[in-house]
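What Swiss-Prot annotates here:
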| type | residues | note |
| --- | --- | --- |
| DOMAIN | 25-55 | domain 'LRRNT' |
| CARBOHYD | 45 | N-linked glycosylation site |
| CARBOHYD | 61 | N-linked glycosylation site |
| CARBOHYD | 103 | N-linked glycosylation site |
| CARBOHYD | 152 | N-linked glycosylation site |
| CARBOHYD | 176 | N-linked glycosylation site |
| CARBOHYD | 189 | N-linked glycosylation site |
| CARBOHYD | 192 | N-linked glycosylation site |
| CARBOHYD | 234 | N-linked glycosylation site |
| CARBOHYD | 364 | N-linked glycosylation site |
| CARBOHYD | 389 | N-linked glycosylation site |
| CARBOHYD | 425 | N-linked glycosylation site |
| LIPID | 417 | GPI-anchor amidated serine |
| REPEAT | 79-100 | repeat 'LRR 2' |
| REPEAT | 101-121 | repeat 'LRR 3' |
| REPEAT | 124-145 | repeat 'LRR 4' |
| REPEAT | 147-168 | repeat 'LRR 5' |
| REPEAT | 169-189 | repeat 'LRR 6' |
| REPEAT | 192-213 | repeat 'LRR 7' |
| REPEAT | 216-239 | repeat 'LRR 8' |
| REPEAT | 229-270 | repeat 'Ser/Thr-rich' |
| REPEAT | 271-292 | repeat 'Ser/Thr-rich' |
| REPEAT | 293-335 | repeat 'Ser/Thr-rich' |
| REPEAT | 336-377 | repeat 'Ser/Thr-rich' |
| REPEAT | 378-416 | repeat 'Ser/Thr-rich' |
| SIGNAL | 1-24 | signal peptide |
């Protein structure tokens, strides 16, 4: 009896001693840590899963092997958090992956298509690396990959940026592809994106509003693309966005055009004007008059008992220094009160002149004939100094020559009365006013 009890006790002891080893067995081709829940089977030339893997493993590294197909082979590992199947010969992502995955790397395989079924139930996945494959198409569905924060699709054969990318993405790497376009609305939901890598592609331009919602962006790479710097209509949006964004831009496209836009934003110029300035001195009669001088030089020729004629010269000199902005039109300085319809013609500008006359004839009243003969004919001539070339003739002058012809009196000569002198002065002023109005 005692012998049987002792025999049973030894068996129980051996069973209790071996039980932990049975529960925590590690495959011979792998190394295990963290209580055999982290399993590393990389670089063992495996083509199938090694036997003896525990179903409660949380980390599995199968990289650098010769796997070509892992469909439905990883489904039992419902606690799996990290899966590395990079550097194998897989042509597609394994079907029926456990939904517990957080991180998955499938880089450097032969995957040509990332189909919607490959990621349909990966609600917990945060990191997905499918770089260095042969991807030509990526199909994503809305409301899948809800937790995805990092998506690496670099070094593939993509020609358009994938649509329906998850809104929680922080990092998207699309570098080293053959990307040529971004479809409208592709990036509109990526409001949490902080890093976007687009270098080494074939972009020529970025469509309007493509980057407008990337408000959290911290870094973007744009170098080594085929930007159409000479097509301003297409490239203007990207250049303005580069100037205004707070993100760090690596590889600024069309640097010369960006510098030009920065200068224009710092020194804005009204439409139709250029930024150059030049000075024009005393070139135009139509301006505010700084100095107005009038010179009266009476010249009287007498014959016995008659007045043959009288000649009076009025000289008007205008001067003005003005600075103008260069435009595409001819340079003409117009006063503030010049009518709008006159500002488009050199002739209108030259004809507009205002002369203020003083009473210079009152002292010559004694020269007026007192005869009852008809009013003397008056001849007025105006010589305008409008230059044909402003740069060659900067000073402008206007000369008014007034000549009055009087008939010969046969009667006795006597000093003219004051009434006759006033009549002559009034007629002269009226005629002068009429001439100035006609000239204007």
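Cβ coordinates are placed from backbone N, Cα and C, and glycine is handled just like the others.
Values in this document were obtained by computation on a predicted structure and should not be read as measured data.
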Residue 61 (N-linked glycosylation site) CB neighbourhood, other CB atoms within 10 A: 20
Cβ contacts under 8 Å made by the repeat 'LRR 6' (169-189) with residues that lie 6+ beyond its boundaries: 131, 148-163, 195-204, 206-207, 209-211, 213-214, 221
The repeat 'LRR 8' (216-239), counted residue by residue under DSSP: helix, strand, coil: 8 helix, 3 strand, 13 coil
Cβ-based isolation winner (fewest other Cβ atoms within 10 Å) among the glycosylation sites 45, 103, 176, 192, 234: 45
Intrachain C-beta neighbours of residue 152 (N-linked glycosylation site), sequence separation six or more, cut-off 8 angstroms: 107, 128, 129, 130, 131, 171, 173
Pairwise Cα distance for residue 189 (N-linked glycosylation site)/residue 103 (N-linked glycosylation site) [Å, integer]: 23
Cα-nearest neighbour of residue 45 (N-linked glycosylation site) within the listed glycosylation sites, 61, 176, 192, 234: 61
Same-chain residue ranges lying at least 6 outside the repeat 'LRR 8' (216-239) that approach it to Cβ under 8 Å: 175, 191-210, 245-254, 256-258, 261
Neighbour count (Cβ, 10 Å) for residue 189 (N-linked glycosylation site): 17
Top Cα neighbour of residue 234 (N-linked glycosylation site) in the set of glycosylation sites 61, 103, 176, 192: 176
Rounded to the nearest Å - Cα separation of residue 192 (N-linked glycosylation site) and residue 103 (N-linked glycosylation site): 19
Helix-strand-coil residue split for the repeat 'LRR 6' (169-189), DSSP-based: 0 helix, 4 strand, 17 coil
Residue 61 (N-linked glycosylation site) versus residue 176 (N-linked glycosylation site) - Cα distance in angstrom: 26
